[in-house]
Structures are given as C-alpha cells and as structure tokens.
Amino acid sequence: MRVYSPGRVNLIGEHTDYSYGYVLPMAIDRYTVIEGEPHERVELYSEHFKKSVSFELEKLEKGNNWADYVKGVYWVLQREGYEVGGMKGRVGGNLPLGSGLSSSASFELAVLAFLNEAYSLKLSRLDMALLAKKAENEFVGVPCGILDQFAIAFGREGKAIFLDTETLDYEYLPFPEDLEVLVFYTGVKRELASSAYAERKKAIEEALRVLGKSSSKYVTEEELSKLPEKERRYLGYVVRENSRVLAFRDALKEGDVEAMGQLMVEAHRDIAENYRVSCEELDFFVEKALELGALGARLTGAGFGGSAIALVEHGKGESLGREVAELYTKVFPWTPEVFVVRPSEGVMVL
C-alpha cells in the first residue's frame, strides 16, 4: 500500500486558528509518502533520517524524535477505542522537513490514512484531521490549531480552502490558473514547540478570557483598548488578520489579483511588526520578491524561520525564486530551497 500526504501553504490567516479564527490554506503537490504493509508491530525506515524505528503497540513512550508522530497517532487511536495493528514500511517523499510546510501534520495524516485503510477503521477526513491534531497536542506536545491537519485532509486539486476554525465550516475556492505560488524555504529550521509560539498562544487565550470571547472572530478593534499592551498588540494583529482573510476570500472569488497581493503584503508587515514571529531571512525574501515583480509575498506557517510564499504570474515563479536565492546566499549562510506549488488533493491511498 502507498499513501501520499501533501504539505500545505497558508495563503493568509496566520496564527489565527488557535483562537478559532479564519484561515485560507491549500494542500500542495509536495508529499510525505509511506509505502508499507500491515504488521504485528511497528517497523519503519525514514529515508530522510536514514534511520529505522521499531516499537510494540503496548509501549508508546515519547522518544523526542520522528517516531513520536507515529506513536502519537497510535496513542490517540487506542484512547479513542479503535482496534489497530502495526505497520512495516518506508517513509519518504519530497516535502522538506521543519520547513513551515506542515511536514509533521502531513506525516501524521499519512500514518492515519494508512491505518484507516489497513484496518478498515472507517474514519472520515474530518475524523482523521481531528485525531491528528489531538496526537500533536496531547502526545507530541505542540499546541497547534486545526489549520494544518484540515488542509491536508481536505485538500482539493486547483482549490484553496476557506475555513472557519471555530465551526469547521469550509468552502472550496478555485485558485486562478494564471497564478502560481512560489515557496521559498529559508533553510532556517524552526521548532514549532518553541517557547515563543506557546507564549503567544497563551497571551491570546488570556486576552480572549479577559474580553469574555470564545473566538477572535468576535473581537472588535474598540475592545482591544481594555487589554494590557502585549495582549493588545498580539490580539490586535489576529483581529486584523481575520478581516484580511475575509477580504482575501472575496478577492479570490472576484479574481482581483492586485487585492490578493496587497493583502498578503499587509499581513506580512503586520505579523512581523506586531506578532513578531518573522526573522531577517523571511523579511529579506518578501522584500526582494516584491522588488522582482511578485504580486504579493508573506511568511507562511508559524514563522521563526521556515518558509515564505510569493504570489506570481504563471510561469514566472522559478526564475524569480532563483534570482532571490542568488541574492539570499550572498547575505545569509543558509542554503534555501525554492519551488513552485499548485493546490493539490488531500491525503490519498493508492
């Protein structure tokens, strides 16, 4: 059996999902691939790490390595009462790890889809997204929202996804065929479980508690004045970002490419200045991409390194990416990865 599980880019709506706001991601045509068969225990070889891991299903102890994502999936399935056996196989693919393209969620969904097929668990795509999030939150220990798992489970070729992360209502939006998304991986690995991510999440939760709101969607600009300075700055960014997601959705429906690009640029400047999760490398890419003709550009994912994206006219992404990469390597010691992506199908078993 072979499973393809895509990565994702978030076109707009960053750091809004853990306060139940709006997001607008798409699954991409870069994949985690698992090739294997059912087995009595777990035996997996990682082509990326060039290492094997094996464990019994009764012994799901964290090891602080890539196997934790597999163990987390088993742990949550067992807790939810599913009868599931082991797996034996290889993990590979062309999705860069630690790049801000949701390689961890992609891996978890790949494991879930494999087990769903192998053991006839009858899980829906929503079931798989929610189980993967629970594994990440409660076993791996990363306090992420639902964005990544949902995008990877529900991806559709040629479509972006508008998602309300509170209600989980979603809408497929056709992505313009005359545009493409350039991904620029800075080479700066970022640990999502870092204290900075957790600190922002905690500040947002505290701000919502003070205001008596269940979601950032319900907070107005006027209400922000009731908050201390740090919480006001952080939640202010999230409130504005929710508005930008709605505006981006409208622009996408109307084919207003200029508005889409402008909203991406505003989003990046706001997140860099007020949420403070950007870095020199991400800012450099955004600035240079815009100078070289990108319609819009911004960081994607949690920030603190990882990847940025640019919205470009179809056929121009690769050359623009190469130009920025050439400038980038003269300034920074990292080797970037540059590639063009299109909206892709969600996790699939072949």
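Cβ atoms are placed via backbone N, Cα and C, with glycine included.
Within TYR197, TYR218, TYR328, the residue that Swiss-Prot lists together with GLU14, HIS15, THR16, ASP17 for binding substrate is TYR197. When the Cα atoms are compared, THR16 (substrate binding site) and SER102 (ATP binding site) turn out to be 16 Å apart. Candidates ARG8, GLU14, ASP17, ASP148 (recorded positions) were compared with SER102 (ATP binding site); those inside 10 Å Cα-Cα are ARG8, ASP148. Secondary structure at GLU136 (Mg(2+) binding site), taken from DSSP and collapsed to helix, strand or coil, is helix. Fewest other C-beta atoms within 10 angstroms, among the binding-site residues SER46, SER99, are seen around SER46. Taking the centroid of the Cβ atoms of GLU14, HIS15, THR16, ASP17, TYR197 as the substrate site, the other same-chain residues with Cβ within 8 Å of it are GLY13, TYR18, SER19, VAL23, GLY145, LEU147, VAL238, ALA302.
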